[in-house]
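Report on the structure given below.
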Amino acid sequence: MRRVELVLSRLVWFVPTLLGLIIVVFLISNVVPTDPARIVAGENATQAQIDALREQMGLNEPLIVQFGIYLRDLVTGDMGRSLYTQREISSDLLHRLPATLELTFAAMILAIGLGVPLGVISAIRRNSLTDQILRLLSISGLAVASFWLAMELQMYFSTRLGWTPLNGRISGFGPENITGFVVIDSILQGDWASLKSALSHLILPAITLSLPAAATLVRFTRAGVLEVVNSNFVLYETAMGFPRSLIVWKYVLRNALISTVTQIGLVFGTLFAGAVVVEAVFDWPGLGTYAVQSILQSDTKAILGFSILVGVVFIVINLLVDIVHTFIDPRVLK
Amino acid sequence: MNESLLDVDGLSLGFSGEAGFAHILDGVTLRMKPGEIRGLVGESGCGKTTLASAILGVLPRHALKIRGGTIRFDGTDMLSRTATADQARVRGRKVTFIPQDPFTSFNPVFTIGQQVDELMKWKSPERENAGVPRHPLFTRYPRARRRRDRERILSTLASVQLPQPEQILKKYPHEVSGGQRQRLMIAMALLPEPDLIIADEPTTALDVTIQAQILGLLRKLATERGAAVLLTTHDLGSAYEICDSVTVMYAGQDVEAAPVDAFFNAPAHPYTGKLLASRPEGAGGMTGIPGEVPSFYDPPPGCRFAPRCPRATADCKRRPDPSHPGEGHMVRCYHPIDAGSAAEAAEIVGAER
């Protein structure tokens, strides 16, 4: 079947893409002028102690050998130990991944739910007041600094109104860990108090993170609809008396979504990048706060592991987008 | 007063754009009787498609200005902006459409079957009120009617000579040939059992070899089912083949309307004479008409053909009223060709030799 072939051909590219990513990130992390041995040894270590540690950590090997060793370990799932937490980096990352995925998925859902309908409305009321306002808002959404927005939301909704918690992911112990997604775990266990707590913690960071993404989707959907709305098939459907709302929300939208869906994969990358800042402000226990800590501690291997994991997630998301694409537009299977 | 099905009366409209106001249609009158097959002929850009689009209600609203005239279909005012509910009942049900380009007129991301089903969901002849419900996105297609509509669809696809209709319905538009797509368009135009089918140059996008087949099929099926057809075309040959009568347009004006025999044998308007003479098989071989079609932004007053017409006089600065040289034959000209005079016909044909 053509769909399976298409997915397989994309999967073949998975390995070289990932390898390229690892090489680039590895090189960058080695260009940074820090000495992990010095950090591990502590402030009062003698030069002899540091040299011994360098030898022990393999830092005196040529770069290509270090890379070979790193790659060999990586294949077995070993990313080394964090200098800061002293735990396996891979287990640290996997432990924190669900929190970030939960946040980014929530933001993505908000962005799609907000961006796509507003984009359609903006296009069908082209040049109206509604359209002008939406365009202004979407430019502002792209321009606003997320750390500033995050703090404003915190000040208003958490500090002044007291509607939402200031930071963190959940109050109390939370539900038993099944998937690592507290919202899903709460639902699975019927723990409605935890669900409420989880959602109230999630809402502000998700909104903060989603706004730039929603703004991007408004613009892409608007452009997509405008491109489609003057097509011959829309003229035909109109002439044949198809209900207008059906033409717009079913027949035009599905065509317009082709470009929007492609964009969603890319937007996901910006969401992950944005999550680093948003998590830091909201003290969200995900990959972002981990990355920030690692950077502050010059924990290069942890940063390396974080970058690779984000890259893998990004590639997987884009693979999923390609699969969704084949369902929306049958012509790609031709 | 009249038993006409479609009544376009004195329609004048145009579009405002950056270059000014384009006076596209100027006092166009067109009447169609039930079951009649009428050709709407003229050069490209003479307003045929604009007229068809006006009847179908698909002119671009933001730039459109209607300066006068009416379009009535079976009592429904098709121009009024307040009678939209009535218009919605007419469009797709009483009046259907065969587009010019079957390649781009299907929605590329839905199967043909989904699109035919959607049409029948709203426009099935069984649906008493063909209007739009309040929430079209959440309206169900009643199962019993769907089953009966399915029978109609399959038998209609068979009647337009599409092999294996069941398989075709499962395909996407890009998976079938242009000829098959146009047959599907004809089938979709017939399915709601309309009173009028508007076919806008339905064969120009197709191979020459299948154009005649498609037109023949359209004529046969429309006649069998009692549907009138308004066929816009610039191809006089196909008009002659399938039409009962012909209306000629020039630069947004209707200049002559006649039964097909009178049109070809006794044209009365000088433009019609020139048009017939310009056919390769015409009396003088291939001849052109000197001059150019006038600009829509600054059209000549009165008869728009006057600047190119060898018979034009000062009178022609006012638009001529219709006169009737024969039964069902209308011409708008102060100096029509006398059908009886061979010398006049020769003069027309030979004028530019």
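Using N, Cα and C of the backbone, Cβ positions are placed for all residues, glycine too.
If you check TrEMBL, you get these features:
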type	residues	note
DOMAIN	A:97-325	domain 'ABC transmembrane type-1'
TRANSMEM	A:12-32	transmembrane segment
TRANSMEM	A:103-124	transmembrane segment
TRANSMEM	A:136-157	transmembrane segment
TRANSMEM	A:202-221	transmembrane segment
TRANSMEM	A:264-282	transmembrane segment
TRANSMEM	A:302-328	transmembrane segment
Range from A:12-32, A:136-157, A:202-221, A:264-282 with most C-beta pairs under 8 A to the transmembrane segment (A:302-328): A:12-32
Residues from the same chain, set at least six apart from the ends of the transmembrane segment (A:264-282), whose C-beta lies under 8 A from its own: 100, 103-104, 107-108, 111-112, 146-147, 150-151, 154, 167-168, 204-205, 208-210, 212-213, 216-217, 288-289, 291-292, 310, 313-314, 317-318, 320-322
Non-local residues, at least 6 beyond the ends, that sit with Cβ under 8 Å of the transmembrane segment (A:202-221): 102-104, 106-108, 110-112, 114-116, 118-120, 122-123, 134, 137-142, 144, 146, 149-150, 153-154, 157-158, 164, 169, 183, 256-257, 259-260, 263-264, 267, 270-271, 274-275, 278-279, 281-282, 284
Tertiary contacts of the transmembrane segment (A:103-124) (same chain, 6+ residues out, Cβ under 8 Å): 130-131, 134-135, 138, 183, 202, 205-207, 209-211, 213-226, 229, 248-249, 252-253, 256-257, 260, 264, 267-268, 271-272, 275, 278-279, 284, 286
